[in-house]
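Peer 1: Encoded as structure tokens, here's the structure I'll be asking about.
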């Protein structure tokens, strides 16, 4: 949270993070968050134009400034602009501190708000089914700062053509945020794309999602786009109809003058529509759209704006938002914006969307060759591109008006009539970009950028993949048990002696390994198999199962069924031991005896009577993370041709068991020399000394884990990305060794790639990702209900066919109909696949059976009751082979198959007799139902036998309406001879089935299956097969293996012209002895190693044309060969003659030079061409201090700018006495000097030595001293020289020794008044001293004559008497004089309640008074507002409503006063309130302004009614403040009604 709020405890404006730092040790995080919500937003400080001569701020400020308002984020404070007479038409966008930023609180937060005045409006924009922008607005509680702050919204997709009415909810997922230029700050516009709510898939016409996938796939190429969007402003027509007349055409319908003056023109009737274009330009800039320019186009009313350069997916985002803003702009200009490619017929230019494009290889030296290569690639897929470039584009691409014909592709330099234009500058500099001029104005930018990036990526990825396969890079490390200097020396010498280059080496300590979980990631698959995965979830290959059975004498499936296989964690629990103990037992096992390896990181060992998976992992991890241990790694690299990866692991490194390692391998040397190398124990299978990567892929994964290598910068990593493997798939899935589908089963990815060279590894990765990520659907997706009489068998065929169909070469003709499903997942599917491969005719059998059987079912067995509209139950004997959708899919497949080639039926069916027979039977679809009824089940039996499946049951059905039952009944009645009895058929059939029999009779004459090829012979059905075998028109495969099937009598003629006939290479005379197929002769010649090629230095003058296989040899010795620049390693691609190398090196743009800020500490060496760029980003570059405006002239380094800002003496700080009322803000270097003279600085009272503890402000010191209670005063008694404190003067006077006191015996007649100090001496000589009374012990001090003693005792006030409340139980005796006093305080006396005056009428014993008083409802309570009064409990509410101290808000709250105070001081406050409104001093001169008192000085300075010369008042004079305060106190006091109106209701 970057916004600031005022902390009520300190009065300072702080951010949320600063508040947390201050209170985190005192309060919980939740309490701090609640406290933050209660804080008020800080007021933004208004900038003022400071006087030129005044360098110090005013000593007294009218309002508290934000202590950190200046110098935020290192930006300079801008000086306030002088006020102009006319206000601007639109205020500048400012940040409103009251607007919250961050994540939207949603409906729950809105419900708690009193009003939505501080909320933010978000306009969601998306594309509908037709690519038209739609939008809707949402109210949000905060302004979003990033896309994740926005919530996913939804809309009615049925109204935009993207969903059906019964399921119409479509989601809007935010993708980009723009400022809202129409509503202004803080409102935003949100670009979103549409997703189906029911399956979370991209909605109809959501082209952004696939575009984002392509951009992510090739993001390493860093594509840049720039689109020139042309549009035409049209005159509005009828509502809902497209306009037809451009804005610049004449009102009478006639056309204006021919095009020519309008392009980039200016003036009336020339630049038509400029207000629209200018306003659109301005609003796009305010919205944050990357619009780079506009211009008028060739046709009147036609304009263009350019968006870009944009990177990747943001091109479509920014253009879509720019189009939306344009549509909004035209709403108020009485015109319509048209993006039609040809808005006006005739000799007028169309509107295009020229797309400028480049990738990194195009923008570097030599990029021109890449541009040409990409242009060539575009030409090969020109039609695919045109299909993505917009509708009705053929009307624009006619070859005229600066366009190329839509059916022609060409590219050229500076040619605006070409499909692709290459700028002249790109040709001169050898690098740059290309412009595709074909996209129309109405094109979808996501589709355009997607197809461009896809074609470019596929074109350039081939080179990247090839480069990734030329070099091997491995990760080798010495394990902790063997890590010492001797082993390090041995490993390093071995690696270098084998020709491997060590790129990097170093030590990784155990603390780092444990903290970063490096070993857990390294052995991720091992750890998962040992801890989390269960044995049933693991895939063990058949070969591994056979090895398991051979080693342990029991089948793997058996031990799995018996539950004897456990992972390491469960195995330890099963044995009742710890994981460490299990690890020790596991380490004692020997490979080949008690442990077997199933795959990479996949071991199974027999411990006691159970089998444990990866039981060694617990011990292995502890060896890497034990304190004090470490590993020593080497990152090595070598050419592929120097050493295969299998030799690197098998010969250089050695197998896992060092005892069986070959002589000279690293593991064998460490094993045999372990004592000399300083190892504590001889290595074994677990501790074998050294680890190395098992494949180039695994090496990349390990380097990314241990060394944090970059995939996008690694050659092999680039090859993987170029192979179409997304980066998230690599890092999140493939690096964890997942199980992948390959070759008919689940296999470990690391095992599949083990020991493969880089090129083979890339090839297999590409194949795996194609099988894993293919989106093709199965041939048949679902099957219907099974029929107990045989339908279930055929029902299973569709599932098997779905799995087996896509992987067979014979099924390629059907792929366009079914797509590429994954490989078979079951043994039955694999068997079907093998059957299809050996017997292509079987494929058509399956398709025919599924298709026609389903038609038979739907024709006879799946009728529904017309009255109830409910399906009738299926007859048990009616086979059900799938749903109607399944049948239609099969029919489409068959139609597609026949349409591909007229010879498919012959070639496919002649492979087996059953196929030919079924083919003939299927020729007549009208008779297929009867054929199925008569003989479908036997054919299914034959088919199942061929597939080795279980045959359908032959149990006769007893259903009354069953076809078989009807057949038996008809046969029992009468029989009819076969129509072909004359040809020899002896069969008789019932009338019900005679027609079906005739269609299938073996004696019926049938036309030759090859009649279409010319055969007119009609053999009998049972002789048909013999005829087909010898028919001259029978199809025979080509002798050379081509796909063509020709008639037998034309075989030799076809062979002479067959494209597959063997021929010699064209370059036989150069030495090539290859024999290739005729159709491959030209492609072979193009890739033949003996083909003549130009010398790579032909452009430099070499005319020799060596063979391809001699190209490198010739180039190495060519006298025209160029020498690379000495700075080639730094990026220079120049190739020069030998004599020019040294001269070029001195002027090369890539020569290393020191940073210009080397003297400031920068040690980087950069290319000469990058010096200026480096200067802009160098962390040592000098930057201006953030407090430059305050006077700081220091220029610290960029990296030290924050440190300097924190300690800069010019940084603004508040006075250290701000808590005491000082509001001055001044530079830090003046803070101490100001503090020493600040009027609010605390000073001790001048009477501190007399005990005054108070510290008061300097300005109040004199006033306090005059009234201080510790000031000395004179004693009022004559003769006393003491000067007591003012507060103690009365007490001193009462105890002063010089005070006059009466003699104790004055009643006896003594009239002397001695001083208190002389009283004792006076008593010794006083003649009026009486004798003591007998009641002296009770307190009587009378001294009198004895004759008067008796009468004195009778009236002595100290004589003992009983309490008047003795009858109530009081046992005390008291002096007579105290009887009444005692009675008045006796605990047994009757007293009224102490609250009698408040209304309590209770009378009770005094001893019970306290209990009564505590519960008395008339007792006084303290006022909650602190007024000092104590109303009765019954009167408390009334008092609270009338209390003068109840809280009230200032009358000037609307003007910004935040104060709350008691009502009794409200009037005084408003009289002095800094926000009170008062008329201008120059009211008499005509000024009618009413300004706040705090802004009065500023107003007076700028008031146009002020006098010509105004005397400048000294800002530090207290009198000015007093006078101004006195003037403020002249404000009239509020009436009681006004005071009541401003009372804050929250007080109650």
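Just so it is clear, glycine is given a Cβ too, placed from its N, Cα and C backbone atoms.
Just so you know, TrEMBL annotations are computer predictions that nobody has curated.
Copied straight from TrEMBL:
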- 51-81: compositional bias 'Basic and acidic residues' (COMPBIAS)
- 91-103: compositional bias 'Basic and acidic residues' (COMPBIAS)
- 120-201: domain 'GS beta-grasp' (DOMAIN)
- 207-569: domain 'GS catalytic' (DOMAIN)
- 857-868: compositional bias 'Basic and acidic residues' (COMPBIAS)
- 1027-1072: domain 'TRAF-type' (DOMAIN)
- 1090-1150: domain 'SIAH-type' (DOMAIN)
- 1113-1172: domain 'TRAF-type' (DOMAIN)
- 1150-1210: domain 'SIAH-type' (DOMAIN)
- 1173-1227: domain 'TRAF-type' (DOMAIN)
- 1234-1280: domain 'TRAF-type' (DOMAIN)
- 1298-1358: domain 'SIAH-type' (DOMAIN)
- 1322-1374: domain 'TRAF-type' (DOMAIN)
- 1382-1427: domain 'TRAF-type' (DOMAIN)
- 1388-1445: domain 'SIAH-type' (DOMAIN)
- 1439-1491: domain 'TRAF-type' (DOMAIN)
- 1520-1530: compositional bias 'Basic and acidic residues' (COMPBIAS)
Peer 1: Helix, strand, coil residue numbers for the domain 'TRAF-type' (1234-1280) per DSSP?
Peer 2: 17 helix, 7 strand, 23 coil
Peer 1: Taking 3+ C-beta pairs under 8 angstroms (sequence gap of 6 or more) as contact, is the domain 'SIAH-type' (1090-1150) in contact with the domain 'SIAH-type' (1298-1358)?
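Peer 2: Result for the domain 'SIAH-type' (1090-1150) with the domain 'SIAH-type' (1298-1358) is no.
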Peer 1: Where DSSP helix means H, G or I and strand means E or B, what are the helix, strand and coil counts for the domain 'SIAH-type' (1090-1150)?
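Peer 2: Going through the domain 'SIAH-type' (1090-1150) residue by residue, I get 26 helix, 6 strand, 29 coil.
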Peer 1: Where DSSP helix means H, G or I and strand means E or B, what are the helix, strand and coil counts for the domain 'TRAF-type' (1027-1072)?
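Peer 2: DSSP classes over the domain 'TRAF-type' (1027-1072) add up to 17 helix, 9 strand, 20 coil.
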Peer 1: Taking all residues of the domain 'TRAF-type' (1113-1172) together, what is their mean pLDDT?
Peer 2: 81
Peer 1: May I have the DSSP-based helix, strand and coil counts for the residues of the domain 'TRAF-type' (1382-1427)?
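Peer 2: Secondary-structure breakdown of the domain 'TRAF-type' (1382-1427): 17 helix, 7 strand, 22 coil.
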